[in-house]
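Since the structure comes first, as structure tokens, the remarks are kept for the end.
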Amino acid sequence: MASTKTGLVLIHPGATEDPSSVVNAQEQARSEGVSVEAQFLINKINDGSVKLEDNHYDEVRYVTPEASDEIRFPSKLIGVIGKSLKTNGKLYGLSDLYKLDALINEFEISRSENHYCWIKKASIKAEPVAVPLRNHKKTTTPGTTTTAKKSLPIFKRATDNDSTKNKQQKQQHTGPARVSLDSEDEDEESEGSSDPSDSKSKFFEKSGSPLTENDSIEEDELVDENEMREPSLTMITCGKSKTRRRKACKDCTCGQKEIEEEELDGVRKQQDKVVKFSDQELTEIDFTVQGKKVGGCGSCTLGDAFRCSGCPYLGLPAFKPGQQIDLSSMGDDL
């Protein structure tokens, strides 16, 4: 008798509202010869309250009410489910949204007309390879030295005879029409050895005539006449030291300090004046006449429910706009 396959059903919390989807997943697993041993909510596995056994299940089915292109699944659980599956075990319920996570966790994506699943493949273990640490010895012959590394090239200093031979060979190949490179190098060296001031003078000669005194710009031309007419910062000429200062000296005896104090006193007096209204100004605002200027609320006539906290009509019944109200009784209360 063939051994039955073990299965696991993982349920999305939203699928509990429709138990028929969970029942259909269990029946579909039984029709394929899989015995469902357990079913868990996916959030129980995510928070670690339920742990799955390694290499225990042949098939895992994930039941979710979400559409295939809107599935939201914790990526870290793909590796946990992969460890719980046996080799060639299948995982149903996920989509291509997590295709990269499937490949990372050694799953192979299987597509068919009726089923879409991930198949767990056997992991390939890296086998250790022995690497020799010592270099092989090579046979040496007299007059030659060989080592594990390649020998470095040997350079020889050129002599005057060698340089003349090279020049003759170059002239034979290039012909008399071309100028030798050595002459060009000599010209460059002669140009580079010249005084740097000569090169600067040549540059200015090419760019144009040098600047003269007539080409200089005066500072007064940069300032407009309107700017010059604007009053500058007021300076005080001290009568004792005959120097210009912004304020009077601390031990001033020429009278500038008294002048400043008089100006400050005049400003303070203007600020200390109390604003007083005349009778005509006080009666300009009438809260009881409709159409005239009113206060912030404008609802003194409506009653206490609509009046401000500082309204003088608090405690009085509602009245019509323009009606005369006697407030003498309030003075008795006060």
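Cβ coordinates are placed from backbone N, Cα and C, and glycine is handled just like the others.
According to Swiss-Prot, the feature motif 'Cx2C motif 2' maps to residues 308-311, out of the candidate ranges 40-43, 80-83, 308-311, 312-315. From the options 33-36, 297-300, 317-320, the stretch Swiss-Prot describes as motif 'Cx2C motif 1' is 297-300.
Your range for region 'Fe-S binding site A', going by Swiss-Prot and the list 238-254, 272-288, is 238-254.
The binding-site residues listed here are C300, C308; among them, C300 has the most other Cβ atoms within 10 Å of its own Cβ. A sphere of 10 angstroms centred on the C-beta of C311 ([4Fe-4S] cluster binding site) encloses 16 other C-beta atoms.
In the three-state DSSP reading, C300 ([4Fe-4S] cluster binding site) counts as helix.
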